[in-house]
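Here Swiss-Prot flags Asp197 as active site, proton acceptor. Feature annotation from Swiss-Prot assigns Ca(2+) 1 binding site to Asp387, Asp389, Ser391, Thr393, Glu398; the stated evidence is sequence analysis. Per Swiss-Prot, the feature Ca(2+) 3 binding site maps to Asp459, Asp461, Ser463, Tyr465, Glu470. Annotated domain 'Protein kinase' per Swiss-Prot: 73-331, in sequence order, evidence recorded as sequence analysis. Swiss-Prot lists Gly2 with the feature N-myristoyl glycine. Taken from Swiss-Prot, the feature phosphoserine covers Ser237, and the record attributes it to similarity to another entry.
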Amino acid sequence: MGNCLAKKYGLVMKPQQNGERSVEIENRRRSTHQDPSKISTGTNQPPPWRNPAKHSGAAAILEKPYEDVKLFYTLSKELGRGQFGVTYLCTEKSTGKRFACKSISKKKLVTKGDKEDMRREIQIMQHLSGQPNIVEFKGAYEDEKAVNLVMELCAGGELFDRILAKGHYSERAAASVCRQIVNVVNICHFMGVMHRDLKPENFLLSSKDEKALIKATDFGLSVFIEEGRVYKDIVGSAYYVAPEVLKRRYGKEIDIWSAGIILYILLSGVPPFWAETEKGIFDAILEGEIDFESQPWPSISNSAKDLVRRMLTQDPKRRISAAEVLKHPWLREGGEASDKPIDSAVLSRMKQFRAMNKLKKLALKVIAENIDTEEIQGLKAMFANIDTDNSGTITYEELKEGLAKLGSRLTEAEVKQLMDAADVDGNGSIDYIEFITATMHRHRLESNENVYKAFQHFDKDGSGYITTDELEAALKEYGMGDDATIKEILSDVDADNDGRINYDEFCAMMRSGNPQQPRLF
């Protein structure tokens, strides 16, 4: 079981997010330079603890008594939903100021390593808070169900969204973005932190203002640097991971590589190392051939290409440092970067690259819900055997025990990865339909008959097309829909641009790409 990457590279895969593939470490234990007991509660006065005797001690992830974030903040609309939690808009009761509250379900923090990682992320955000281009951290609160992180509200949206919305795009604009990203790297390294997961999705705009700052918002894989230590655990996101990470011998230079990948995308619209599978991406990274021949590279300045080459140098000892990048003639403030517009096709490719095709994921779930019982009799029995408390859902502990009974020797991290891959709605457990979707052979799920049934499910009026209204209704039924997502899906799937999806387009979507994904069994 698992996939061939685990055999060749010793790593496990996370579910795809926002059109990119991610890798998760085998061993997530990381070093800290800070006492967990010094984690801020976010208040200047002694907090009104609720039953501290009951809620203190080892049970608390933050190693402090529980504290209700709602005593200090009013939580309102949902801003976003990720693999590990939900982000809400929140308002501080004492000042009326607006912040973002990231709520991480404790069901997702099942291993000792998960809890250590959570504490470390908070420590690092506290350590870096107040620096330019880094989100300001307000405080951490823990209750019975979740750990809540309150931080600066970045109301300007995602980095790529802003670039795409502008229309006009130039080397100077790309240099401005890259300068802020590398400034984050420079600050992190100066303050003894290695980020380890730089990618566009981890940067937001501070406001909708034209001159808004770019802010780094996610430090979940970051570590305090131990001088002289060689890091070996494989972390990061597939397109952005440095070759030395795959070789399991790396240091802080990996952050410059990731920033160089982002710069390549900013200038061309696509990553330099591309393949349909994670294995293909990693093989391309290790081979290290960078394409400067295809469009738009012939029209990109030599100075820009020089910086990309220096940042994507295979040997980390010869790779340019963050401080040196900031002094490069093309990147520095008022430098050589031209304001001449870059080919508009770059923006189009960038949009396609970042668009996650949520419709395909939803279609597989619909197929699993409606598949004939006789086809899945064995899987049904397997689900019942693993669901030992007959709750109708499989918890992490049940999955771990069930795999052990089948003779599996997976590590805790690998079991956790399988759990996350199967848990589509992110509630910390696997329901029956999620189990079927994750365990059935993909070719059976995607048979012509099943694909047609899924199309009919979305095509409510039987017109032969999935309209915008039908798409919106289907996505919202599963809590996946917003206007931006619908537009991205249509852009990605609607080949003839008539504003609706016909059966041929739907089939092409279901057959395309099919990157290798982890299966439970």
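Glycine too: its Cβ is placed from the backbone N, Cα and C atoms.
The structure displayed is predicted, hence computed values, not measured ones.
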Taking only the Cα atoms, work out how far Asp389 (Ca(2+) 1 binding site) lies from Ser237 (phosphoserine), in Å, as a whole number. 36
Judged by other C-beta atoms within 10 Å of its C-beta, the most isolated of the recorded positions Asp197, Glu398, Asp459, Asp461, Glu470 is Asp461
Listed recorded positions among Asp197, Asp387, Thr393, Asp461, Ser463, Tyr465 whose Cα sits within 10 Å of Ser237 (phosphoserine): Asp197
Cα-Cα separation of Ser391 (Ca(2+) 1 binding site) and Glu470 (Ca(2+) 3 binding site), in Å? 33
Starting from each candidate's C-beta and looking 10 angstroms out, tell me which of the recorded positions Ser237, Ser391, Thr393, Ser463 has the most other C-beta atoms. Ser237
Any same-chain residues 6+ apart from Tyr465 (Ca(2+) 3 binding site) with CB under 8 Å of its CB? Would you list them in sequence order, or say none? Asp459, Arg500, Ile501, Asn502
May I ask for the distance between Ser463 (Ca(2+) 3 binding site) and Thr393 (Ca(2+) 1 binding site), taken between their Cα atoms and rounded to an integer number of Å? 37
What mean pLDDT does the predicted model reach across the domain 'Protein kinase' (73-331)? 92
Between the residue listed as 'active site, proton acceptor' and Asp461 (Ca(2+) 3 binding site), how far is it from one CA atom to the other, in Å? 45
Most crowded position, judged by CB atoms within 10 A, among Asp387, Asp389 as binding-site residues: Asp387
Specify all same-chain residues, apart from the site residues Asp387, Asp389, Ser391, Thr393, Glu398, whose Cβ lies within 8 angstroms of the center of the Cβ atoms of the Ca(2+) 1 site, ordered by sequence. Ile386, Thr388, Asn390, Gly392, Ile394, Thr395, Ser429
At the Cα level, what's the spacing in Å between Asp387 (Ca(2+) 1 binding site) and Asp461 (Ca(2+) 3 binding site), rounded? 38
Apart from Asp459, Asp461, Ser463, Tyr465, Glu470, which residues in this chain have a Cβ no more than 8 Å from the mean position of the Cβ atoms of those residues at the Ca(2+) 3 site? Phe458, Lys460, Gly462, Gly464, Ile466, Thr467, Arg500
